[in-house]
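Listed in TrEMBL for this protein:
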REPEAT    75-159  repeat 'Solcar'
REPEAT    172-256  repeat 'Solcar'
Amino acid sequence: MAFSDRKSLIPSFLYSTASVNCSKNLSTALDNHHGCNMDSSPQPSIFPSSSPVKPFLIPAPKEGSGYKVEMYSPAFYAASTIGGILSCGITHTAVTPLDLVKCNMQIDPAKYKSISSGFGILLKEQGIRGFFRGWAPTLLGYSAQGACKYGFYEYFKKYYSDLAGPENAVKYKTLIYLAGSASAEVIADIALCPFEAVKVRVQTQPGFARGLSDGLPKFVKAEGAAGLYKGILPLWGRQIPYTMMKFASFETIVEQLYKHVIPTPKEQCSNTTQLGVSFAGGYLAGILCAVVSHPADNLVSFLNNAKGATVGDAVNKLGLWGLCTRGLPLRIFMIGTLTGAQWGIYDSFKVFVGLPTTGGAPPPAQK
């Protein structure tokens, strides 16, 4: 497909054909905080450079001239937000059948004793269509969450890096990844929580509602609007550690892959190789995410399934070992695949609009 055809698929505000003229203040900021090696790192504000200062622009793929996305500009954050919508909305909706079985195993382990029997019971009782019950709140909820998760992560990562200064940003980069992802997830879960509450109720109580359109008003009528946020604390308890692990471990794994496994420096690798590294790093990070966040995931399912349920009720019924292990193998497979696909989609979109893939070994800090 020609680039002229491809660019029409992306909102025009993601690109600018006009040349960029830096003001004195912007030049000073770039001199203090930004590097100019476009290929070495997707985090130019963290690492200083001694090269002459110029606007940090990333050329769109296979582009000769014209369309460019400036790092940390409104267009950059818009691209990150759209990439987050695509990565989370598509992947979570695609694994709805796995999520449905997992939730029912957590809520009713006596009936749904294993993954295979769970699929068999759902198929027998609800047919093929039953495997996608709750897809609408899943699509909308995780699209909203992905927009905030990835968009705000890029924002907070730069913000905390600038606060730390160039030398400390390199030295404490993992802490910056953790702080940036945690801050982003607090906001993302506020967007997700109402949809998650309806999704769990629709998936685990047959007959409650067909989906979001009738499930949301029925839920609000039964428990009030505040009931949609009944699970916000366990959701934060699940998602914040999950996202901190997801982003920090991904950044670290990708850096180590380029340092010890890939024989070619990142800037010399093809887009296909870089996207393969993104998927592999995402899958490995997803396994760690699943283990860390699984007890809270069981709590979210339990609390959203029954009116008036408490954390104490969940512990008494499931036990501490049950909270940590029930449904875990399925969730490891689901979250590993999900996280790998999310990073693959997210970085594919970044490459599509002319941005570098996420992660990689940073240049050493200058002394």
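Cβ coordinates come from backbone N, Cα and C, glycine included.
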Where does the mean pLDDT land for the repeat 'Solcar' (172-256)? 93
Per DSSP, the repeat 'Solcar' (75-159) contains 74 helix, 0 strand, 11 coil
